[in-house]
């Protein structure tokens with residue numbers, strides 16, 4: 001574990017176990033989206049579902065089926081709901097707090113799931129999926145936000161990655177349930193998978209009732225005593241412990257420094273300082289490109305696509321893909337701290353691009369109906385899912401939960417996550433018209449088939465360039481130190497060499513918050529001597545110039561304890 005950066009630094013006071021356990025528990029909110037996505041993937045191909053929900057469409061075999069417009073609407077309205085949920089998550093997250101807003105979101109999700117279980121026609125099913133989507137959208141913003149504000153910096157990336165791991169676990173669970181129920185006769189075949197969504201939503205809501213609010217949110221609201229109590233629970237330190245007092249003071253000083261640079265309105269997430277527009281563009285770009293890698297084409301329509309591609313037992317193949325998805329997320333959790341965010345995203349995008357371009361090229365050369373093409377499709381889709389699950393799946397959520405300052409973190413995350421769901425909606429709604437050759441014949445379909453992977457592969461190449469020019473390396477530094485990095489580092493490709501040096505208490509106390517200019521050397525010495533208890537005002541004889549490595553980025557030492565989580 002030492003080589004992976006998971007070891008708690010020796011100079012960090014208290015324990016990190018409570019914060020880690022709470023972050024892992026909250027991460028299971030990803031199960032809701034993953035399970036819903038995986039279940040609808042298989043339900044749409046169930047004969048009993050088609051029989052009960054058909055409005056008169058008959059496929060080429062004379063069996064009841066669904067019109068493409070109905071399929072698109074059923075799948076895509078979840079994404080429409082999630083986009084709405086993501087946008088409203090910021091105001092309610094800032095007003096009610098991260099924890100209470102998550103509980104409310106889970107309540108909305110449960111109402112939507114009940115509507116789906118009771119549905120006997122397409123309109124009621126669509127209403128249920130839209131309501132469930134609103135809940136999922138709020139969860140998708142506030143879970144990574146809650147985690148990033150709770151987690152210690154040395155393991156923050158891994159913990160936020162656990163959210164994506166939960167999504168993949170939900171997809172896997174849904175694939176397993178679909179295999180067990182798809183041959184049942186009657187409505188039980190699809191109502192059992194839908195109804196099981198309620199189970200974990202209730203468990204998660206009950207758990208959140210006893211969890212603390214994040215100390216950074218409480219500082220934002222001005223509840224310093226409550227923030228100290230929350231931080232005390234997370235660090236297992238007495239509320240008067242010097243390390244806890246210093247950490248809380250640094251969080252508060254950073255927030256005051258941010259507010260000194262401008263207000264926290266929606267306008268400021270695009271035009272505010274320091275470089276909030278660049279950060280918002282980075283977050284929105286990453287979330288949109290995550291969707292444009294094509295992963296939800298497989299997750300939403302994989303079973304049906306494999307079936308039409310001549311693959312035997314598409315339900316089993318989908319289950320295997322979900323197993324690969326879950327297992328492949330683990331390498332991302334392992335190396336996200338040691339490799340860093342940028343390198344992992346670039347390697348992942350390159351691997352996905354190669355796989356997708358090969359799938360599309362073979363389909364163009366050999367056609368889509370051959371046994372060879374079916375095997376190529378399965379092999380390279382599996383490799384593609386490995387690269388996605390180890391990189392762009394989890395790391396995008398990590399970066400977008402880290403790069404925003406506290407004053408606008410909820411607003412910026414809601415906008416960037418809404419961008420994700422907007423593209424998710426477009427892909428979910430448009431895919432049947434781009435790919436489905438059987439049901440859209442004569443309706444103006446593009447009819448790309450496997451050649452659609454040319455499109456996804458091209459966007460993966462764009463993703464490489466985007467990461468190189470826009471994504472700053474945020475591993476091994478605290479959320480407060482990321483503000484300093486955006487002020488001091490001009491180009492993203494230089495961010496890996498960044499070493500934090502500011503104390504935001506010093507910025508506040510010595511008047512540097514207005515200009516953002518790094519403190520001069522005499523003032524740095526004054527701050528150091530003050531923190532270490534020295535009575536000397538010159539500091540000329542103390543020239544401790546300890547350097548910090550990439551693996552242990554620390555601010556200027558305050559005594560022998562690292563106070564920045």
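Note: Cβ is positioned from N, Cα and C throughout, glycine not excepted.
Which of 233-254, 255-276, 343-364 counts as transmembrane segment depends on TrEMBL, and there it is 343-364. Feature transmembrane segment, per TrEMBL, maps to range 100-117 of the set 100-117, 478-495. Same-chain residues lying 6+ beyond the ends of the transmembrane segment (100-117) with a Cβ under 8 Å from its Cβ atoms: 26, 29, 32, 81, 85, 89, 92-93, 124-125, 127-136, 138-139, 142-143, 146, 191, 194-195, 197-198, 201-202, 204-205, 208-209.
Between the transmembrane segment (412-432) and the listed ranges 67-88, 315-336, 452-472, the one holding the most Cβ pairs under 8 Å is 67-88. The largest share of C-beta pairs under 8 angstroms with the transmembrane segment (376-400) comes from 284-303, of the ranges 67-88, 192-211, 284-303, 452-472. Take the transmembrane segment (315-336) and the stretches 67-88, 284-303, 452-472: counting Cβ pairs under 8 Å, 284-303 has the most.
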